[in-house]
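Chemist: The structure is given below, and queries will be raised subsequently.
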Amino acid sequence: MIEHPTGQRPAEKITHQPKTKNNTSKSAVLKPDRADIIPFLLWATIVFLTWLFMHGADHFLELTPEALGKYFSLRWVLIAHITGGGGALVLGLVQFWPKLRNYSWKVHRVIGILYLLAILLSSTCAMILAFTTAYEVNWAYAFSVQVWAGVWISATAIAYYTAIKKKFKLHREWMTRSYIVTLAFIISGLSLKTPFVQGLGSFEDISPSFFWLGWAVPLYVYEIILSSKRKA
């Protein structure tokens, strides 16, 4: 150690490192880890079930009276309804990934807007079909679709309203409700294709009950979970 001629140690030279913008933190946030395995598998399952559900409607793309039946006069409304619903199913679950929100609110917001537009398209078309072709099945079928579409629109609208008001806790709760109603497409649609359910009666007789089952029961369970958390 070299001492100063006066016997005192020289003051250490302090060097100031230039401040650089930390661009690595964001990439680290999105780095996959074990905690992402279950969310990814869940999202992949939803994508597969959505494909399976929409694949069952491939015959509608023939756009012929034979393939479309009562929907022929409103064929583009039906196609838009199915397409928008499929998009909402795939986009919605991504919004619940915490890493995405932490990584970029802009990306989260863009996906949220796309989800909103997908539901706006699909639910509007659902309402049109519910007040027209649905009555050709029976009034119970039409009424169940009308209520379902109404709940879907209102839950999503409230989720959007709470977001722009920056009430993010309420926003997450209403987004969850919105996505639960969205998932009813898969729950009711695939249930009605199982042999056991088909053995319960004709489509006209049993479909209204399973439409209600697809969203009302999961929504009720979610409200119970919310209530228990608030009391804790």
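Backbone N, Cα and C atoms are what each Cβ position is placed from, and that goes for glycine too.
Just lifted these from TrEMBL, have a look:
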- 1-27: region 'Disordered' (REGION)
- 35-54: transmembrane segment (TRANSMEM)
- 74-98: transmembrane segment (TRANSMEM)
- 110-135: transmembrane segment (TRANSMEM)
- 141-164: transmembrane segment (TRANSMEM)
- 176-197: transmembrane segment (TRANSMEM)
- 209-226: transmembrane segment (TRANSMEM)
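Neighbours and distances for these, please.
Modeler: Sequence-remote contacts of a segment are chain residues at least 6 beyond its ends whose Cβ falls under 8 Å from one of its Cβ atoms, and for the transmembrane segment (74-98) they are 39, 42-43, 46-47, 50, 53-54, 57, 60-61, 63, 68, 108, 111-112, 114-115, 118-123, 125-126, 128-129, 132-133, 175-176, 178-179, 182-183, 185-186.
Remote same-chain partners of the transmembrane segment (110-135), defined as residues 6 or more beyond its termini with a Cβ less than 8 Å from a stretch Cβ, comprise 70-71, 74, 77-78, 80-85, 87-88, 91-92, 94-95, 100, 141-142, 145-146, 148-150, 152-153, 156, 160, 163, 178, 182.
With a threshold of 8 Å between CB atoms, the same-chain residues lying at least 6 positions outside the transmembrane segment (141-164) that come near it are 112, 116, 119-120, 123, 126-127, 129-131, 134-135, 170-171, 174-175, 177-178, 181-182, 184, 204, 207-208, 211-212, 214-215.
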